[in-house]
């Protein structure tokens with residue numbers, strides 16, 4: 001029989017070890033970071049390219065960091081809503097943001113101010129832009145035919161992509177300018193609607209990254225006509241590159257993460273390191289290959305990513321001014 | 001036939017049945033609780049399905065999806081707080097019916113019609129999926145505009161208030177729908193520099209405010225009288241065969257409309273339920289009774305939204321294009337297993353497709369039970385005195401508004417609409433036109449402007465296309481007829497007072 005005293009001691013021991021196990025669950029980062037779940041904010045809807053990217057990266061990242069990671073989708077207002085939410089949280093590394101090209105464009109348009117608000121974490125992917133047409137399109141089936149047709153019929157060819165003043169519109173307008181053609185851009189608020197518009201033959205050319213329409217390409221319901229890259233893709237060797245066609249545009253959507261400015265540097269470095277490991281994990285690599293996201297080197301560390309923001313901001317500013325969105 | 005055997009084997013295994021039934025129950029619960037919905041539920045479940053085999057995981061997601069589409073109507077009927085956007089319209093007639101002491105009947109109609117709508121659309125999808133996908137793709141912007149316009153004209157026929165008042169409220173709703181970033185040019189509109197409005201006014205936030213908060217304020221003003229009116233016992237009461245036969249055309253029409261709208265990419269169950277309600281009003285012999293708590297007003301949206309849930313799976317499975325927010329999440333469920341939904345998957349893995357079809361049949365039938373169970377659970381809350389329940393609904397409404405996009409500004413917008421709803425109720429303005437205009441205003445504006453850009457600003461193109469032309473013509477004709485008959489037979493409807501409880 002245990003004495004009362006012993007019983008008491010044992011239970012104190014049990015309770016304290018229990019408390020130790022569950023509350024003082026300090027991480028192995030700086031100052032015990034992370035000790036509670038981390039939230040990742042995505043400004044796009046669940047199931048889209050960016051959402052898939054974040055969820056697939058955060059699954060291995062949660063294991064590496066040893067805490068839960070919750071992904072929150074906060075759509076609307078070209079990402080401004082999500083940005084404001086992240087900025088309303090403390091700069092402690094427990095809120096991570098899926099920083100996208102929209103934030104730079106929003107800064108150009110005066111809706112946000114990225115350099116004052118966010119600190120770069122890592123860039124993980126460098127995606128590619130491609131144009132697609134419907135196989136039943138009688139006017140053109142290749143990029144050359146498209147350019148020739150557009151020259152003969154100025155303003156008739158209709159392009160589609162997601163939302164106005166988006167990276168999609170910028171690429172389309174840069175392409176039109178480089179090819180010397182005049183086209184129309186009809187944006188949709190959600191990517192699937194733009195796919196359907198081209199599949200249904202209502203619009204002529206779709207801008208999209210290949211990962212989200214790969215099944216439609218394989219089924220020959222969408223014909224890729226150009227890839228904005230310097231070399232052809234192994235998967236689609238018959239599709240010419242922009243460089244081959246004399247159009248010097250190879251930019252594409254990049255995907256990466258940021259935190260609120262003012263987050264302690266040790267935490268930024270620690271997170272960057274953990275995310276690197278997550279990106280190298282088997283499960284993430286598998287997803288990346290399946291979605292054709294491994295075609296170009298996409299990794300950038302915090303410092304490099306920050307420099308890249310600056311360059312991209314300047315480039316977007318010039319393009320948007322040229323296109324007449326900024327006076 | 002062999003495919004069906006495999007599907008049967010997949011679906012009727014004990015484990016899969018457990019997941020399907022559990023999934024439906026979970027979906028109904030999530031749907032019923034404001035602030036949680038099936039989109040969120042499926043997103044949360046996806047990491048778990050990673051540990052299952054692909055078929056079981058997808059069956060679970062499909063079950064949660066089916067259940068979640070119905071669940072919201074329980075809280076819409078019992079408390080006038082729709083638990084999910086799909087159930088918004090159900091409260092228009094469901095809550096007045098519950099207030100009149102027939103909550104059990106309202107729930108019974110909602111559950112049964114959901115089941116019928118769901119089964120109808122799965123059946124259609126199962127039989128002619130590829131053909132349906134073609135129909136979906138033939139819809140372009142003019143057709144979308146025609147659909148939204150047709151539903152908007154029905155504001156004139158909605159009962160419960162004077163027509164001029166309904167129009168006034170409808171136009172205010174359309175104006176509010178323009179708040180936010182311009183869908184075509186990206187310019188900010190009517191935000192007054194406040195970032196809370198940059199994403200526009202979410203209609204569900206407005207709806208919770210105008211209905212739930214408005215109702216609480218109104219009841220609080222009346223004092224404790226309401227406590228006496230509370231019915232203590234609510235048990236789900238399925239409609240009799242005779243009652244269902246009266247609803248047959250309405251249910252059939254709604255099932256067809258729901259399935260059709262469901263297959264359109266990017267327009268989901270919520271829009272479907274609004275259009276279904278509008279059409280029920282259009283073809284009804286007594287349109288003025290809608291909004292006062294009639295069976296038709298519950299049957300139409302409930303059949304529609306569940307039919308749309310099935311319909312939304314069509315473009316997902318055949319083209320890889322999600323028809324709604326939840327199906328967009330379900331794509332993620334395919335992808336964690338290395339599957340890419342779309343035409344290739346349909347050809348390569350037909351057994352998986354048929355298993356999903358079969359699971360949706362089973363889910364829709366099991367919904368009858370899950371619905372009754374959860375409704376019973378939730379109706380317990382009605383035993384609580386309103387002086388306690390009111391504040392509880394207040395809290396639920398606040399959490400619900402916050403939960404939509406985790407943003408505090410939505411909560412402030414909701415309170416603003418709560419005050420607006422209170423003032424409107426007090427001066428006998430119906431709230432329903434405001435919500436209808438808010439939901440459909442965005443779709444109408446976008447599709448009109450996009451269509452105009454596509455057709456080089458030629459409005460005739462909208463009328464010369466067969467589908468959009470027909471819909472617009474019918475809408476215009478019934479609209480003019482309504483105006484004419486109201487002015488001729490009941491001139492007081494246009495100008496005078498109507499002695500009917502407002503929505």
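A Cβ is built for glycine as well, from the same backbone N, Cα and C atoms used for every other residue.
Over in TrEMBL, the protein carries these features:
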type	residues	note
DOMAIN	B:17-436	domain 'DUF112'
TRANSMEM	B:12-36	transmembrane segment
TRANSMEM	B:56-79	transmembrane segment
TRANSMEM	B:106-124	transmembrane segment
TRANSMEM	B:144-160	transmembrane segment
TRANSMEM	B:167-186	transmembrane segment
TRANSMEM	B:192-217	transmembrane segment
TRANSMEM	B:254-277	transmembrane segment
TRANSMEM	B:352-374	transmembrane segment
TRANSMEM	B:386-409	transmembrane segment
TRANSMEM	B:429-448	transmembrane segment
TRANSMEM	B:460-484	transmembrane segment
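Within the chain, the transmembrane segment (B:106-124) has long-range Cβ neighbours (under 8 A, six or more residues past its boundaries) at 66, 69-70, 73-74, 77-78, 90, 93-94, 97-98, 132, 234, 236-239, 244, 247, 251, 254-256, 258-259, 262, 293, 295, 298-299, 302-311, 357, 360-361, 363-365, 367-368, 371-372, 375, 379.
Counting Cβ pairs closer than 8 Å and at least 6 residues apart in sequence, the transmembrane segment (B:144-160) and the transmembrane segment (B:192-217) reach fewer than three and form no contact.
With a cut-off of 8 Å between Cβ atoms, the residues of this chain six or more beyond the transmembrane segment (B:429-448) that come close are 88, 92, 141-142, 144-145, 147-149, 151-152, 154-155, 158, 160-161, 165-174, 176-178, 183-184, 200-201, 203, 206-207, 210-211, 214, 267, 270-271, 274, 278, 291, 421, 502-503. Across the domain 'DUF112' (B:17-436), mean pLDDT in this model comes to 87.
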